[in-house]
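Undergrad: Would you mind keeping the following structure in view while I ask a few things?
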């Protein structure tokens, strides 16, 4: 078997464990371990993506299967790597590297155990994207949530503990719903392997179908709570706004885990091959997605605080994805995946950027002051000399330009990738075909345009406040390690714009595989007899 | 048997949800615990319920798979118990931190005015 598939899980696990052993005192060692592990993950993700991209869509080898313990897929737990998993792995690694680099300037010593928690967060994310087993997905969800509880609370302070309490309570309930849904599905279908489930669902008896759909709906609620769909997402903006900047940046992919699970399971279990249950819940996804866009747009306009603005933008992006996925068309899903990549990168950059901008205005500074108070001023002072970094000339200009780029990306204005993504989602909905354009397409068009307008209005207002207001006396000091990750994330978005052709081709191949899961199912189930050792 | 188990799950889940919606953090954590017990029983029961079955082997009957309960839900429930125990313990710590920082045990960190 090919052990490269499991490496993205093993690497952060080992790094995190070693960091715990090394202890808080040897922070330099922890930093080195963290950077090595995260860079390694980036390398692995790129390698895996290139390997997966090598095969033609629809072929047997479209999914790479790793059987833990070499049990046949029906009995054991499998890891499955396909285009979607590889894409998510790459996004996780990029965000992880950016957030970790950013945190090295100051945030990582605002509390204890930042580095191990960060590695376990990456472990949980990678595991959730790789696993092909429903219960294993639950376990990895718990790993990533447990780590995110620690990261959300990182830096402590009243605001974080208060929102952290809500965040943990909401997610514990979501986990219980996940368990109910998964066990109902197991009770009916007798398997937890996602591919095997997809193969068994069409053959289910008619009287069991109601129970199966109820189980799937409960499971869906658990995922949608994580994705932040209205009315399940009220916890999201406050939590994201209160979290420290590097934690918020990595959280911006956390909400996409819910979207990923919906995309994966809904298309696999209730795709066209699902017999009587095909397309179950699609209307709910579209309606929920549209309502989320609406709520997110109002929240974007209503907020005064930049961090909450970014949190509300996460809602808009989740809603857009859910509505586009719910439309259930291959080409729209391709566009949605492009939007996912672009919006995750832009949101992470925005979260990091906001912290830098707010620092100059002394608003975020009070949070940092509380942190310093809580964890002793001595440590901060002692590290001050090496951590300050150079004051970049024209710092404000750089920050302003980055903010402007973020606004363009999130609002979906030309010429950047946000616009291309929205166009790629909308164009197939209005393609000339039989029977005219359905009302939901018009609704989605209106929602996307209005949410884009709301975003641009809100971000312009925030930008004027932040950059054009009378400058403070205090010189805004921003380290190179802090601005570099923001620039890299935005440069990647620009890269997505320039290289939109190959990127879109990849996304469309991904969407084609997702909408025709027969190859995926066959690939996993046919890998049954164990090949002992050696290469595949 | 089915009725007793389903009633037990229903009562646990009902009390759990009610407590979860209360304004005090201690009530919330009790609610979460009760809810997780309900869920654990529910998972356990998906393996099928039987009364009067032999624990492992029937005397004088050669063993076959049909005599045994499905072992997978038992494995799942073990995992679920461990995870919910750990997360509840974590929640308890956050609860205490919140009590210490805000000086109140209200879930919003402040008493409602009026």
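Even glycines carry a Cβ here, placed using N, Cα and C.
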Undergrad: Any idea which of A:62-83, A:84-105 is down as transmembrane segment in TrEMBL?
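TA: Range annotated as transmembrane segment by TrEMBL: A:84-105.
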Undergrad: Looking at A:441-462, A:507-528, which one is transmembrane segment according to TrEMBL?
TA: A:441-462
Undergrad: So which range, A:6-24, A:367-385, gets flagged transmembrane segment in TrEMBL?
TA: A:6-24
Undergrad: Go through A:6-24, A:84-105, A:165-189, A:214-236 and flag the stretch with the largest number of C-beta pairs under 8 Å relative to the transmembrane segment (A:248-269).
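TA: Ranking A:6-24, A:84-105, A:165-189, A:214-236 by Cβ pairs under 8 Å to the transmembrane segment (A:248-269) puts A:214-236 first.
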Undergrad: Count, for each of A:6-24, A:441-462, A:474-498, the Cβ pairs lying under 8 Å from the transmembrane segment (A:84-105), and report the range with the highest count.
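TA: Comparing A:6-24, A:441-462, A:474-498: A:474-498 has the most Cβ pairs near the transmembrane segment (A:84-105).
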